[in-house]
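Asker: Handing you this structure, nothing more for now.
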């Protein structure tokens, strides 16, 4: 009977003391955050590898999108408070949001324009156009509902439910972190899958499609609770009122700029002809805090590069964690995991220790420390980048050629490039690294093996790598020139593999995993083919004696190999691996320190910043400061566009150092501003205003009574 009573009670307007409606809101927020962060996790790689944009353009569009997501909340707040109300605003903009996610999923379908079925879109402009439309709709949707959902959840509680309301906000923000964490783990895994109708490509349609589906679920769940919600009517937007007050004060001051008009204590006092004293005083308090916001965008300029520059950095690293293979875009989960750990650690361990040391760690000092830590995180990122750059091979410039020599014969060979440029001695089955030549000086090659001599005139194109294969014995010398057509490390951690048939037999159906390299005649080579990094596959070949097979070595990530088949005879399958480009050797684990430092910075900066803002704002002006806080995030992403575009730095580590130096300089400026800031108690100020208003009303009442008495006399 007790179980039945509990079951029925949960279908009443309240359950366990909480309005039933908030459970719909929490599930809605989880799905929406999953949708947003899941899509954003793979976005920069979609730009680079699907739309084929370079690192700079990918970073620029990514930060433009994020900036737009943090500009549109102001629009959403105005629409909700002035016209539609929170419920209809959330529903209507969620429809726009879901459409945007759907358009993104469609834009990433490779087969949409791949008429010739070669694995590349034939009309990339269509995919770009659809992507931009999708991102604009998503920015309008996610930004528009951002200021509405949490406030709408708070509206569901009665005045006597402050404790439940506080618990709701904790659960609400937990759902945000849970959606973010789970999505940034899952969507990179979905992206790494291969899918397609005509050709197998990385599965961006699935990586975008699942977030789109979650957004639809979010909308359905939210609408399902419609009958349970308290829906407050729009009562006007305080942001508009504050903006009008500031605008009128500026206009009125400009109108009375001549010296015949006496100066006023504060420039906002020029609004007193139209607006009451309470609004003017509250606006002054808000502007005092917003002034401190001016340096803050620089922090977000660094923080949001986790999803752009740091993700691109991870693509050049080794993600092999033993039994687990980490995708580059999954490294962002380190931040979400550390946030969950560090927030309680800071509150229960670090801050109490600081208080015990008698250190007055004020909110503004915490924010200053957060900015300093973020600067140090980028110094750590620069140090990692320096290590990565050391492992990247040097590729030829436009006026250079690089040549690698492989001795595939059974005799020693001496190779001389003329005129008198370079010479090398090679034992059987020995090879050189790539040797760089000025293309204009490279004219001939002389090969000597025993008593055999070969001279060749060579004319090679500049800016390319080439491989010279030599096969010699006591009676002859054969040469084979291979055009490598590789001028950079393979992207996305993939590997390039090609085969040379150094056996005396024709080899047919040469395969590595599912990829066929066709038939190779004796002393011939295949072209390179791309393979997913970190895998080992079976190598097979067939000759007149039958099938040969062997399990390949692990090629690592970002490498290129030439696999030389020396013999295929039944179970005897003799192969050798010549490393053309070394695999990524800097481990992704080296990014963890920079993520840890940046997460600590986020905890002391972001959480404290919101707490400080709310403590210094009048009760009815907190939405204005929320809009201002979100605006700093938008401006920070715009700063990334400006700095990255104006710096023109060729080295990525130097750009990291530049951002670190800029934030350090801004940190010093903010520390000076914070030193001169005077904390206020908005409740005391508002109490004084109420007292003054009461006195004014009382005086007005006395005046009216006296006037009435006089008129009666």
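Please read every residue number as a count from 1 along the shown chain.
Just so it is clear, glycine is given a Cβ too, placed from its N, Cα and C backbone atoms.
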Asker: For the feature transmembrane segment as recorded in TrEMBL, pick the matching range from 656-677, 678-699.
Answerer: 656-677
Asker: If I go by TrEMBL, the feature transmembrane segment sits on one of 87-106, 247-266. Which?
Answerer: 87-106
Asker: What stretch of 34-51, 206-229, 366-386, 592-612, 656-677 shows the most Cβ pairs under 8 Å to the transmembrane segment (166-186)?
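Answerer: Selected stretch: 34-51, with the most Cβ pairs under 8 Å.
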Asker: Take a look at 206-229, 285-303, 334-354, 366-386, 656-677 and tell me which one has the most Cβ pairs under 8 Å to the transmembrane segment (592-612).
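Answerer: The listed stretch sharing the most Cβ pairs with the transmembrane segment (592-612) is 366-386.
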Asker: Do at least three CB pairs under 8 A connect the transmembrane segment (285-303) and the transmembrane segment (656-677), leaving out pairs fewer than 6 apart in sequence?
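Answerer: Counting Cβ pairs under 8 Å (6 or more apart in sequence), the transmembrane segment (656-677) reaches the transmembrane segment (285-303), since there are 3 or more.
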Asker: Below 8 angstroms Cβ to Cβ, which residues of this chain, lying six or more residues outside the transmembrane segment (87-106), approach it?
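Answerer: 32, 35, 39, 76, 79-80, 112, 130-131, 133-142, 144-145, 148-149, 152, 205, 208-209, 211-212, 215-216, 218-219, 222-223, 226, 229, 231.
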Asker: Is the transmembrane segment (366-386) packed against any residues at least 6 beyond its ends, judged by a Cβ distance under 8 Å, and which are they?
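Answerer: Distal contacts: 295-296, 298-299, 302-303, 309-310, 313, 586, 590-591, 593-595, 597-598, 600-606, 608-609, 612, 652-654, 656-657, 659-661, 663-664, 666-667, 670-671, 674.
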Asker: Examine the transmembrane segment (34-51) against the transmembrane segment (126-145) and state whether at least 3 Cβ pairs sit under 8 A, considering only residue pairs 6 or more apart.
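Answerer: Yes, these stretches are in contact.
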Asker: In terms of Cβ proximity under 8 Å, which residues at least six beyond the ends of the transmembrane segment (285-303) contact it?
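Answerer: Apart from its flanks, the transmembrane segment (285-303) reaches 242, 246, 268, 364, 367, 370-371, 374-375, 377-378, 598, 601-602, 605, 609, 612-613, 616-618, 621, 624-625, 628-629, 631-633, 635-640, 643, 659-660, 662-663, 666-667, 669-670, 673-674, 677, 680, 682, 685.
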